[in-house]
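Take a look at the structure set out below.
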Amino acid sequence: MFLTLWQLTYLYRYVLMGFAGLVLLGLYIGNLLFGDTSFEVLNTLKEKQASLQASAQNLRYENAKLQKQLFELKELEPRLSTP
């Protein structure tokens with residue numbers, strides 16, 4: 001006896017729903033790992049943030065050196081700020 005497609009679908013509905021759920025879960029995890037808001041993007045942004053913070057620190061240091069040179073050229077004493 002041959003079963004129709006509808007009968008086969010009804011017979012294996014739990015298997016089909018499980019398979020569909022597995023596919024959706026795979027798509028969701030793939031999006032988490034490789035999508036626009038992914039773990040990979042998060043790590044890249046953290047590395048960029050660390051790089052920018054180091055660059056900002058270097059620029060602050062260089063700015064302080066240049067201000068000191070400017071004060072020396074103007075023959076001024078740097079003002080010490082008290083907290």
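Here the Cβ of each residue, glycine as well, is placed from N, Cα and C on the backbone.
Features reported for this protein in TrEMBL:
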- 12-34: transmembrane segment (TRANSMEM)
- 42-76: coiled coil (COILED)
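Non-local neighbours of the coiled coil (42-76) in the same chain are absent; no residue 6+ outside the stretch has a CB under 8 Å from one of its CB atoms. A mean pLDDT of 93 is what the model gives for the coiled coil (42-76).
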